[in-house]
Each structure stands twice: as C-alpha cells, then as structure tokens.
Amino acid sequence: PQAPRVFSSLIHTIDTVMAHVSRNLDENSLPLAVEGSSSVADYAVVKMHPQTLNVSHYRFPSRGQSFISIPSEAFHGKAWITIVGLLYHNMHYFFHNINPMDTKIAEAAAYKGYMISASSYLISIKVEPLPKLSYNLSGSPLITIQLTHKLTPRQYSQALNKSNRVHLYCAFLDYSNGTGVWSNEGCVRESGDLNHSVCLCNHLTNFAILMQVVPLKLTREHQVALSSITYIGCALSIFCLTITLVTFAVLSSVSTMRNQRYHIHANLSFAVLLAQVLLLTSFQFSPATLPCKILAILLHFFFLSAFAWMLVEGFHLYSMVIKVFGSEESKHLYYYGIGWGCPLVICVISASSSLDSYGESGNCWLSLEDGAIWAFVAPAMFVILVNIGILIAVTRVISRISADNYKVHGDANAFKLTAKAVAVLLPILGSSWIFGILAVNAHALVFQYIFAVFNSLQGFFMFLFHCLLNSEVRAAFKHKTKVWSLTSSSTRNINVKPFNSDIMTGNRPGTTPTKLNTWDKSTNSANRIDLSAV
C-alpha cells in the first residue's frame, strides 16, 4: 500500500534533480546534446538555441512509440533552451490499485470503488525557461504526448470483456500540495485505442495513462426481470426435482427402474436440486461474511457435481448407443468417482489455494477478478464440449436408424422421435450453458434472458423428460398403482403378473407384436445397438 506514495516521492526527487541539472549546465560546453538509454529509463539532456531547431517539433525520445512532442513555436523569443527528459521503463508497475477518491480526476471519482492503475510508461520532461503554451486546450501551441499502453494480462482481459467499460485518463503527478496526487487538469485525451493514447496538455511535468475498468450495469427493469425469472424458475425446478427424486425412490422396487441409467438421473437431479436450493439461499447473505464464503464453496462443489453427472450422462449414453465398454460394476465405480470425486478434488484444491476468492466480490460465488472463476469455468467448458461431441454422434446414429426404419416399415414417426431425442438430450447434457458463455457479453442481453430461463428451469426439463414423458416411468407407475390397489383389496387370490417389457409395449403375453417398435433393435447386424438410453 505504501508503494505509490514512495515512488511518487522518488519521481518528485528525480524531477528536482532534473530541474537543477537544466539550470546549472556548464555554459562553456554549449551547445550540448546527450541522449541514451539504460535499464531504468531513456534519457536526454539538451541545451541549444531555439533557432537551431530546424524541425516543427522537438521530440523526446527521438525514437520509439512513446514520446513527448513540443512545437517549436513554443520556444520563440528564447535565447537558450534546456531540456531534460526521462522515459521510465518500470515505474508504472508501482502505481496500481489507486483509489479514485485519492486523485484529482473528477471522472474517475464518479466511479468510486473501482481502482485505477497506470497502464503506460511514465515520461517526465523539464524545459528552462518554460515554453509559451496555450492556456486553452482547444488552442495552440500545446504539448503532444503519445504513450503506448503496457497492459498486464488481467488488464487486457478486462478491457476486451465487453461487459466492462474502460476509462483511460491522461494524468500527471501533481505536487502542489506537497505529495504526489494524480490529476488530469490541463490535459485531455485526444485520440487512441486499446494499444495507445494521444494526449494534449498545456504544461510540462511527468505523465502517464491511467486505466479504470467499470462493469456495465443492467437497468433496474432488466435486473428485476432477470431476478424474477431466476426466483420463479429455481422454485419450480426445486419442486419438480423433488417430485423426480420421490418418483425414482417410490418406483425403485420395479425391475425396469433398477438400472444404471436411473441411478445417474437420480444423482444428477440431487446435485442440481441442492445447487439451486443453495443458490436461492445465498441471495439472503451479504458478501465477505463467513456464511457467504461457506455457501460459495458449497455452490462451487454442487454446480461442479451437476456438470460432472452431466458428463456421466454423456458417457453412459455413449456406452449404450455407440460403444460398450466395461462391466456394470466397474462403470458404477467410475461414474461415482467422476460425479462426486472429481468436483471434490477441484473444490479442495481451489479453496485451499485461494480461499479469499470465495464470497468476497458482490455475491456468494467465486471472484471474477483474480482468475479463481476458472476453477468452475474450465471444467464446465470441458463437459459442454465433450457432451456436444457425444450429442452429435448419438444423433447421427439415431437419424440413421430412423431412416432405415422409415425405408423398411414406412414409419414417419421415426424422424419425429429423432427430434424428440435431441430435445431430451440438450438440457441433461448441459448444452444450454452455452448461453451462459454468450450472456457474459452485456450487448447480447437476449442471451442473459435465455440463460436465466434455461438454467433456472433445468429441473423442470429433467422432470418433464425423465418422468412425465418417459414411457418406462409411466408404465412402471401404472404397474405400481395396480400392485397397490391389489394389495389393498381384500381379495387375496388374485395373481399379479410380473412386470415385464410386454406391459410397457402394450403386447399381450404369448403374442408377437404386429408392428416393429421404432426403438427396437434392427435385424440388420450393423444396427444392433441398445437405444434404451434414449
């Protein structure tokens, strides 16, 4: 915290030495021109007659992309001029996290709480006697300062993020009150881009480009709308996921429900349920508190677990439809290791290495400032990319079989079932989170709304496709209700037939189906794959 004060004092001391040098050069060695470069700075000491300046501007340093240019007309009427200049190579590194309230830059102070950092070399120049410059910044002559930006990777990333607004100020260290305070009085940024700035100033001292990054804020109406969608959608998802888990538990005694696929569905539903309950709970706590930090860690774990189980859904679908690998027991262990073990390892490493990044910046979540968010974004992106690849491969297989069934049996519903399969797979494989990536761009407000709807309603989609529209679950539920009704009946001699695939397909025992089911295995050996996962 003391670095800016120490180095501004150092620059002030160097400025004092420069002024002393410019006033006390040996007159016997005139004219004089010394220029050079060291590891610390480029430097120049010049004493000459203004009449000998045969160009329209004096430029320091004479080469490079960062320089100060003084128009020759500012030297008119001077017998001798002395110029001492320094272009510091590393001094800007020590001016970061400057509180805008500690500056004399009114525009920056309007965004209090958003720190300022030097984003260019510091350049200092002393001229004796002082050149005649225009008091008005729209007049002439004026000093022209061009400085190349020296952004850190973090600054560059923030500047490229279109959800941020970047403010660049042409500033100097003002020592009028005894200590160096950054000010932009008498300077204006005339032009430039993310790589350089051109400033006009009506005085000489030390200059730098200061950068302030301010996140763009949504209007109150959009904030309320997105918040309402999140609350309503999450509440509906929690209700639907609870029904889903209860349904799986109640029907677990039915033979067709005791398979790996429904274990995976149940674990995914459980992870998403807890993540959304914790998300709604986190809105009630203030950042930088212990409960908020704990919730941030738990949210990180359960959202990662949700993605991990989405990856397991993809792997299981791949093993069922395209390529069978491993036994049921071995896959069971692998799936639980991926679904709960991998997120736990990532969370432990992340929390132990950067605990201060949890629940500190605006909400109970990972910090976006120091790169900690990548402990969630990187695994999530990996899952999305893998599952998109699996989705494409599975869709191609389903489309091929649907086309074969249409050619052989003339079943026009095959193509409709392909479209339905894609609709079922999109939400459970995490593909809807692509909108979350697009939603980072504040100019694409529509993606923020799409993401809010898809993310908050994920539980509803899972209930819709895994329970309500799932023929296996519906058939199992019918069988279960029949068992309940028979059990409650006083008639004990009714023989309940065992539940099997004939009940699901609607065929009577001992008879053959009159029509090939769309998802039955084809007689063609090339298509002998298990599509029951879909």
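A Cβ is built for glycine as well, from the same backbone N, Cα and C atoms used for every other residue.
Under the heading domain 'GAIN-B', TrEMBL lists 42-217.
Sequence annotations record features per position, and here TrEMBL assigns domain 'G-protein coupled receptors family 2 profile 2' to 226-470.
According to TrEMBL, the feature transmembrane segment maps to 229-252 (among others).
What TrEMBL records for 264-282 (among others) is transmembrane segment. Long-range contacts of the transmembrane segment (264-282) within the same chain: residues 231, 234-235, 237-238, 241-242, 244-245, 248, 292, 295-296, 298-299, 302-303, 305-306, 308-310, 312-313, 316, 335-336, 339-340, 363-365, 428, 456, 458-459, 462, 466, each at least 6 residues beyond the stretch ends and with a Cβ under 8 Å from a Cβ of the stretch.
According to TrEMBL, the feature transmembrane segment maps to 294-312 (among others).
Same-chain neighbours of the transmembrane segment (333-352): 260, 263-264, 267-268, 271, 297, 300-302, 304-305, 307-309, 311-312, 315-316, 326, 358, 366, 372, 375, 379, counting only residues six or more beyond its ends whose CB sits under 8 Å from a CB of the stretch. For 333-352 (among others), the entry in TrEMBL reads transmembrane segment.
Taken from TrEMBL, the feature transmembrane segment covers 372-398 (among others).
Per TrEMBL, the feature transmembrane segment maps to 419-440 (among others).
The annotation transmembrane segment is assigned in TrEMBL to 446-469 (among others).
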(request) Using a Cβ cut-off of under 8 Å, list the residues of the same chain at least 6 residues beyond the transmembrane segment (229-252) that approach it. (result) 258, 262, 265-266, 269-270, 272-273, 276-277, 279-280, 449, 452-453, 455-460, 462-464, 466-467, 473, 476-477, 480
